[in-house]
């Protein structure tokens, strides 16, 4: 075997300040398998048995500051699982083994401050420029003690480091807006996560989906980032020989086990010693992957190369034992040196206070929304169009029994329509939630800041659309009461829009697929409308479904509009007879009693509707808290 270093030699030359070690990492998940067995009388009975699937098996390695470490293997080899384990994205209860920095165990709070994780997907706001994207990341990740000019200087440094100077003022872009290229988007995703100058940088397949030239440029960039004093760990699916040549160390995985760990230059020696020398005109990485994919299909094939790999590396003793780590700085030093200009974050988990995070989030959303005015105008136009259709359908109902039912139908329909239309925003909310999960994974801002910002930013749009719908429908349906009645009607429409928007937001925090979320949201709204009190009075609802009547967010705005319209002692809705013996057959109070809408006042119903919106936002917070941790069990 050809070795550049004597086993004892590296220990003499090591001067790097930070070293990440992982030893004997093992991770398995429980698999539920259903089996059918025959018993007496030929009766079949299903039995569920539990088995474990090993995703990582006794994986060890070391990465020094200034190095780039590549994890290679085909799909299902365990690449993402390993990098998730190193990035603390797997529950400690399930993961066995140890992960240390300079000999000290890495705690979750410390790791978040000194590391960054770049996901495979480029989750960016399309209507921000490259410079603005970095600047907002700096506002979140860099300490408040730094001035705006210092943060801007850090942004410019990252732009130059990534080679993005010519694209700094260009929009990120998306399918509908032309922006930067795919390779540039990937570099922006990396820049967002290195803005606070982390020591550890994890990347999940950063070259995936890129052409060979762009992939090489990204890999070259990662090498340059590592050389500036960082530890870079990345997974790569199908790397070219040029990309592999940039790595300092490689680890090939096969079915969760390490089949090679070492330098790229030593791979050909390893294969030759294993008895499978590389044939001419074949790239070493491709040959290695093809070899152990072939061995995976042979009985005991993977086991043979795994065991050989371990024995092959025994002659290369670990350069970082307990004595070799004595001169390296502690994690406390690492923690406080993390951040641009070495300013660190002190003892707080977050770089900024709650109110600063909220303001920055609102500012970013405002800039993005300002560049897409069609979205706002489309929402208002949709509300106006819906209002015209509803108004023309329920135009001036006559004073008959049928007219009373027509007006009640309008009340429940206009509220139900608001809830159904709100589900259109589900796709936007789910897409933004993924960005939220990326940004909060390493404490860019608090969940509470995000909830407050999200709640405040929707209010202007809800007010505008509610006002448009109220102005068009109130007088078209001949609602009674004048300006005061109209003002309350408008408040109810706004409260309904607020509750509907909050409900859809909650659903977006519970599901990850738009179609699933839409199905859930529409089903919930359907149940709310059914048990609102219009289709059947409260006394007629089956006892086992009565709870749906009281939690229906449609019941309370519907009842508020009914009481606002009919709770007038002198209001006659249906007259019988002729003058002078004409009498009132149906009064407004008769309608209220018929609907059993006497339990709450109209103002109580309004406050309850608003409270539903607040409750859904609080539940959204807990959905993000427990469902947005992005950590495997």
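Glycine is no exception: its Cβ is also placed from the backbone N, Cα and C atoms.
Unlike curated records, TrEMBL annotations are generated automatically.
Quick look at what TrEMBL annotates:
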| type | residues | note |
| --- | --- | --- |
| DOMAIN | 20-280 | domain 'ABC transporter' |
| TRANSMEM | 375-396 | transmembrane segment |
| TRANSMEM | 408-430 | transmembrane segment |
| TRANSMEM | 451-476 | transmembrane segment |
| TRANSMEM | 488-507 | transmembrane segment |
| TRANSMEM | 514-534 | transmembrane segment |
| TRANSMEM | 606-627 | transmembrane segment |
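Three or more CB pairs closer than 8 A are found between the transmembrane segment (408-430) and the transmembrane segment (514-534), so contact between the two stretches is assigned (pairs 6 or more residues apart).
The stretch from 375-396, 451-476, 514-534 that makes the most Cβ contacts under 8 Å with the transmembrane segment (488-507) is 451-476.
Same-chain residues lying 6 or more positions outside the transmembrane segment (514-534) and placing a CB less than 8 Å from one of its CB atoms are 408-409, 411-412, 415-416, 419-420, 422-423, 426-427, 430, 500, 503-504, 507-508, 541, 545, 548-549, 552-555, 558-559, 595-597.
Across all of the domain 'ABC transporter' (20-280), the predicted model scores a mean pLDDT of 85.
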